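Working notes, structure below.
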């Protein structure tokens, strides 16, 4: 029965809390009923703590455990009596079951509950006695005060953890005891709990500082044990916040923890009603900021440390800088009249208020100027309350339920923002129809915001919520509400012109000028000059167009925008209207007079000159950085202000966006070179763009009587305009985009030169690491180590050696820690680690000891040289010294043997050593070693020394002692008889004494065995030196280990700021957003096999074979052991899961990498404790370089925690815990393994009030407690659901309040970090204090290494492309172009700058879908500066499969499409100077527009060729004049296209690889990529970017696409690829194929000429059609192909319905594909674009044999009749069987009859008319595109088609088209699959050889069927 009860209780416990694979602080398995208390129980913290204590004492006293459980149950019952909260009923039921089981386990008799208090009281006493509570703290303090940390750190840690646990349990017992006594009478309570026991309980509770939840600094707890609280700067910061004289005294009922006194934040909490946890959070935040600022100024040395005024002022000014600028912009007085008169205490009070407002602002944090408004009024309100000196709440925060800042101030704002967000129809509504975050914030950029008053005037239109949106299908969308603010994001391509009109004016005018010069044969006569002057009207007309766009783009914001801004728009419109009309009138009049001396012409030239001069003058004043000071000084003149205002709009952001003149000249020179190259290319060099087309254009224009083969409608009387357009259109698009080509080339060259200047790639091989290793220690001391005072000493050789030793001693602990981490990460094995480790260099050797991998085999090489040498001593030594490391090895052996012998020999035995070495030294001085020593006997000597060291390596035994004596004796024999020619005359007595001792057996009779660790290490090292015969030149063997060591050592020679001591460095946080991605691979995921039988584990074993062997070695397994053997041990299973996860893109990998920062800081801080004094005196000591136990040092940990915080914001962690998802358990496991890791999440709490369920949202921060369970630190209530916009930035925003420090590094969860790179972080942070231009740095860009490049060829392509951008590309963007933005991760933000200016990303729905780059836009607009640094790197994963890559590129392209519409792009495009604007355009949206232009160039070119072919114009012109035989034109167009997609894209990649890998490796890598068909991949990507970018601007529909970050080891089904690429690639690919086929059939170029003209088009089309299948794993395996066909047909013909997803049914997928067409404008644009498909039928029908020479419209009309008949026949054959169920026979008869009539009619037409078989195929070519055009228009007007009842027919036709396209793609795949070798070729193409080889072996072992248990 007892066993059944035990099992039942275990079952209940498992139901309440799924057991996790992990351990608590003591290594015991985590179990129990605590940890999953529903968050809907408001007091869940206490309940959880009680249940944990019950688990803790279960084994000690089950009855007391039962008492605690019952009390927890009563608390839960009181909080939610009806169990209405989410999860409460299940929790209470499970808890009651546990209680019943505890009752059932009683040992006989009934339980008397009246005795519970007495039982609990007695247990309290027993528990104290058992754990010796009175001694616990005393022992710990003794150990802590002893200072013997290096030896007792583990003991100290154990005692500390034990004390915490004991006092935690005592606190809970005391609390429950106190609560139970409240239920009895006062007399009984006093009897049961005497006063003495009460005092004991209170005393114990006061000892629980670690039990009070805190994040980093335990401010609400006693300060005895925590090392952080002993730091003087922390004490000073804490005391600075204390209550000061000017604050009214708090009322007595205001609760303040007994462990501290009230401070100014308590007062602010009382006055404004801030939440308690928000106050606690910001108290720590402010103390942290002040303490770190103080540490940089100097450590306070007073007994009672005080914060410096300078530290307070710096934090104050930094934090309130945006508020001060806001006041200055609005010309209002800040809350203080004179800042200098504000006391330090007042500054801290205002600072605290601002952070408390920010900490509780929730989504309003995205409105920084709104927060300025709130702060402005609250400070004034606070001043008034201070003046009254009465403690009372502020009127603005008094609510019905009390005082609440959240309810009264934030909630009204949140509600209106949420209402607008709800009205955006989940992002589908037009941006112009609802207010986003920017609209709300920009309302506070004008004085109009003060109409909101204070407290809020809720009746203001600002708080007006929108009405629901209209659902009409012709409606543009959007409900009625308050208008937008200052900008409207209308969805149109015109934004590109509106934002960058200066670029387009420049390009159009230069093209016009070049064309005029070309058409005038480059003769600059009067006619040419007059035509060139037409640029004047062009300019003013384009400026007029810009002003028209200003009016149009502001539609929707007129009612809410400032009147001044609206007036400016209309004034500019009137000005440019008048100017354009006047200048155009003058120019036309001047042309009519045709006389350059006429008055009109002179007036025109004069007016144009004045206008141009004024424009240039104001452009120079407004745009040239050097002129800004001058113009700002002239602002006092109203005329100047007016013209500046007309020329450029003023915003709160975007002011002062200019750079230093030197920086301006740099990017000016860059663009002069780019534009010079572009225009030279366009006009002179290639002779293809303009000059070659002049004469053909003239001839075509003058040609008459051209014969058209169709019925011409437009070209007869307009000088053949369409023909001219078909020639010039591709030329013009190339002219527009080739500027980007030249930008790519020049930027690649500049980036290459900058990288070479920065010394990148100097160490690019293992050979270089070996060669330069001597220089690493001094370079390390110069860069990564804090400056060490140097002692003035003589320059003697011994002094230099001591300095080198001291430097090496400082370097070695860091190098060794790097190597150990490589071993822990399994990149090297243990033997490699031992070779790579560097000795401490702290012994008595008079030289520097280098790692063994440098000295390996050198002794044997030196021995061979010496044995064979016939030279003198000097010559011999010179030969050895040619290899420095050989010399070092010889010298070290020489001295080490002496030291070892002296250490092991005793008394007189040492005389032998002295005499032997004395003789050798004398020979060396006499230069007669080669004479005095028998060098040919050296092998014998080495063997004897090796034998001795081999024995001394072991543990001492009597046998080994005897063996060692024998070995020394043998050594003596060899030395005296074989090596030395001893001359006894010099030391006769000594030799006689030694000989006598040897003869009597006294010499070497006893040896002193080496027991000292350092001595044993020396023996082991000497033995290795003498036994390593193989060269270690290839150590380490792992390529990743090599790469990391090469980069780290190379970075030591790069310029970087001087490192500050850890105590003085800037503090920082790392911030990682997480949603639901993989945290840690489970065993089921690792072992799950795909259809090929390949598991992730198998895949990893094959692509990382050496790392797998190293892992097995590390966990003590044989490398040949089977996988199943690993599953016997839970520890091995966990290690295996981590090993696999560390090779994927998992959160575990990211967390491990980021926690290296803390590890590095602990090591640096630990070693810096001995940094005072000179380098030689202190740094060679053992203590200075001993790193044993540094991770347990309380001081090192305290310093690291003060400087580094890591917050992972796991948005749905609370939900995952409640649903017991494995991700929650894995996150908890990560917290257990990383004590400094903090997890923030949004907790959703449902409560029942007034019969309704109320949902509340809390932002929470947790850590792992000493029991290994979650411990809640802060819980801040939010005004509502925080996800109003984009998920990721909202997730970041809610948790950013929990970050700390001066900087924050944004890290995505697919990133990694390395210990050696973490050592450089403090150097990087000092970049914030360096001069990087006119504006201080606000974002530090960091280099990334893409670690997924080895997974597959696609991953390699993506890796190389990404690496090129994040290194060479961003290098140029930062310098000289000054336009680097924030491209995601891992940039380091100036944290205070950004949190006071809207955060580290923007979150408005859809428009900010690329949320990261908007942080760069925002910081640039707000006078920030983004830099880039390449001496430090962070790992990054990228997508590895084509579908993943396509989704990612689609997401980025869609994001860029949305950026085009954004106000940030508009303002940057308008406010940058011209050249910086060019840089910005071509590196953001311009890149995607140029990509789209590349594709459009092909379209224009092919449609032009199709027009010439189908209309007959091309052939006719060819016959009349040979003017179209311009092969240069065709060749140039094709060359241009091929270069654009191929070579030019690859140039940055090639140059970057040459710089960092070397020329040969780079070329080989590039050729390999070409052989792996990278051109196909990049061409395919071109189509992806074009499709998503264009569609997003036209229709919207951008959304976050989850690409998945797993390993692609599965075959992608044909239907899945078809769904993903059908509209983006396949349709467009078939269109290009159709164009080139038609040109082949009807064009005038044949044979080789046709191939040259169309080869690039064919390549692009085939790449778009077949790349998804070419790069699909097992894409050409016959069995897979058959299965894919079945799956595709099932999907195609499965009917959709409610709940059916797109991957299940073609109909559901088709509906999803059409969902982006929603607006009237979108439908019209789709209709216009679809009209191009009708040209094919119009042209082809006139080419049919049956048409003859007839060109009447009747022919075209008859073709439509034929098409209608075909459609009717199709409808007959696809008639619904459901409708025809009652007349099936009739339907079949009609279908048969129709078929026979159609065939008969076709045969008759062929026989009796001119219709030929070729005509039938031509008709197919004609009707297929026409049908697609009709279909495209129909789906654009879907609602109308549904109303007309035509939708089902349209859907049937659409299905037919998709079936046809699918079959055309599938047939070639099936043919290639039938060939046996294709699949093998593809596997080798896609994956690296290791995996390919492993796959093939497994298939062989498995037999023919690849699915049989691989």
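Heads up, the Cβ atoms here are built off N, Cα and C, so glycines get one too.
According to TrEMBL, the features are:
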type	residues	note
DOMAIN	345-457	domain '1,3-beta-glucan synthase component FKS1-like'
TRANSMEM	500-519	transmembrane segment
TRANSMEM	539-558	transmembrane segment
TRANSMEM	570-588	transmembrane segment
TRANSMEM	600-621	transmembrane segment
TRANSMEM	667-686	transmembrane segment
TRANSMEM	732-756	transmembrane segment
TRANSMEM	1480-1502	transmembrane segment
TRANSMEM	1562-1582	transmembrane segment
TRANSMEM	1648-1671	transmembrane segment
TRANSMEM	1753-1773	transmembrane segment
TRANSMEM	1813-1835	transmembrane segment
TRANSMEM	1856-1877	transmembrane segment
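Looking at 500-519, 732-756, 1480-1502, the range that has the most CB pairs within less than 8 A of the transmembrane segment (1648-1671) turns out to be 1480-1502. Nonlocal intrachain contacts for the transmembrane segment (570-588), taken as residues 6+ away from its ends with a CB within less than 8 angstroms of a stretch CB, comprise 533-534, 536-537, 540-541, 543-544, 546-548, 550-551, 600, 603-604, 607-608, 611, 646. Counting same-chain residues at least six beyond the ends of the transmembrane segment (539-558), those with a Cβ under 8 angstroms from any Cβ of the stretch are 432-433, 483-488, 490, 494-495, 497-498, 501, 504-505, 508-509, 566, 569-570, 572-573, 575-577, 579-580, 583-584, 611. Beyond the transmembrane segment (1562-1582), the same-chain residues lying 6 or more positions past its ends with a Cβ under 8 Å from any Cβ of the stretch are 1353-1354, 1356-1357, 1360-1361, 1442, 1445-1446, 1449, 1491, 1494-1495, 1541-1542, 1545-1546, 1549-1550, 1553-1554, 1625, 1659-1660, 1663-1664, 1667-1668, 1670-1671, 1885. In this model, the domain '1,3-beta-glucan synthase component FKS1-like' (345-457) carries an average pLDDT of 91. Per DSSP, the secondary structure of the domain '1,3-beta-glucan synthase component FKS1-like' (345-457) breaks down as 80 helix, 4 strand, 29 coil.
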